[in-house]
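Enquirer: First the structure, then my questions, so here it is.
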Amino acid sequence: MPAPSPFLASNAGRVDAAADSVAHADAAASAVMPAGQASSPTQAADASDDRLATLLRSHRRLFVLTGAGCSTDSGIPDYRDRAGAWKRPPPIAFGPFMAEPLTRARYWARSMIGWRSFGQARPNRAHHALAALEAADRIELLVTQNVDGLHQAANSRAVVDLHGRLDGVRCMQCGARLPRADFQAELEALNPDWRDFVAPVAPDGDADLDGVDFSGFRVPAHAACGGILKPDVVFFGESVPRQRVLAASDALSRADAMLVVGSSLMVYSGYRFALAAAERGIPLVSINRGLTRADALLSFKVEEDCGDALARAVAATVLQPCGISDGA
Ligand SMILES: [Zn+2]
């Protein structure tokens, strides 16, 4: 049973009911339309493209919120299924991590193994498209619920890592932040017998490894003060640092539209921004395969792969001179 992962990210996944309704629409269209004109999937994608491209053309100060669906194409799995429910045991919570040495040993053993894949992940088309939007001066701020640092790797600069970054380690006693790469080397040196384990990578950079005795795994304390070291991410049971929430809220107050990419918004830390956008009356748009908690608030939803939808819409707008002429 996996668990040692940070907070709960979001999810991307197609809602079966929605997929069915598309299929039924196809069948109905085929029945009444001559062959060659019954291309509902294409038409649906075209319509989504149009609406998304129009949004990008007519809004210059986007507040973008990204979730796990943005990183699945980079090989980082998500936590939730198409309906927004857990598809694996929930990630580790702050209380047990701090209170139980064996829980920490299990977390860091799995994390040490998972990091070798997670740390190698590279940005995908969704990250690159969002970086292109920023380069075209269309993004007020990008707030991500992901902890993988892939937006920065794709050259996005105005990024708030709402839930922290897995490439850092924090001392819970003195507050020092250490590079994960150094801590990884230390873990591997202390636990040579564990280096050969191979296990599938789990959503937050750990690995699906179980059925082993974790009690022999050695986890060093912070050398300077003896404090407990924890990945620099927000675990369940912890609050998002106030500074990050304020920075995001401030940007949202200046934004002229909000775009949610690959998040079901099941976690309140992200959902609250959708509520705030709706309250302000600015367009709220989601690119997500599956249910989102904000469905009732959305101006429209693009039920497609994030990378596909974003790459097309960005190519059709900011990367072409004709798309830049439309003002906000
Ligand atoms: Zn310390």
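Even glycines carry a Cβ here, placed using N, Cα and C.
Not my notes, these are from TrEMBL:
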type	residues	note
ACT_SITE	HIS163	active site, proton acceptor
BINDING	GLN145, ASN146, VAL147, ASP148, GLY262, SER263, SER264, ASN288, ARG289, GLY290, CYS306	NAD(+) binding site
BINDING	CYS171, CYS174, HIS222, CYS225	Zn(2+) binding site
DOMAIN	41-325	domain 'Deacetylase sirtuin-type'
Enquirer: If you count the C-beta atoms lying within 10 Å of each candidate's C-beta, which of the recorded positions HIS163, HIS222, ARG289 ends up with the smallest number?
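Expert: Looking at the recorded positions HIS163, HIS222, ARG289, the Cβ with the fewest others within 10 Å is that of HIS222.
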Enquirer: Around CYS174 (Zn(2+) binding site), which of the listed binding-site residues (GLN145, VAL147, ARG289) come within 10 Å, judging by Cα atoms?
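Expert: Within 10 Å of CYS174 (Zn(2+) binding site): none of them.
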Enquirer: Which one of these binding-site residues, CYS171, CYS174, CYS306, has the sparsest Cβ neighbourhood, judged by other Cβ atoms within 10 angstroms?
Expert: CYS174
Enquirer: Show me the subset of HIS163, CYS171, HIS222, CYS225 whose Cα is within 10 Å of GLN145 (NAD(+) binding site); these are the recorded positions I mean.
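Expert: Checking each Cα against GLN145 (NAD(+) binding site), the hits are HIS163.
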Enquirer: Given GLN145, CYS225, GLY262 as the binding-site residues, which ones have a Cβ positioned under 6 Å from some atom of ligand 1?
Expert: CYS225
Enquirer: Taking 8 Å from the centroid of the Cβ atoms of CYS171, CYS174, HIS222, CYS225 as the cut-off, which other residues in that chain fall inside it around the Zn(2+) site?
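Expert: Result: MET172, GLN173, GLY175, ALA176, ALA221, ALA224, GLY226, GLY227, LEU229.
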Enquirer: For GLY262 (NAD(+) binding site), just count the other CB atoms lying within 10 A of its CB, please.
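Expert: GLY262 (NAD(+) binding site) is surrounded by 32 other Cβ atoms within 10 Å.
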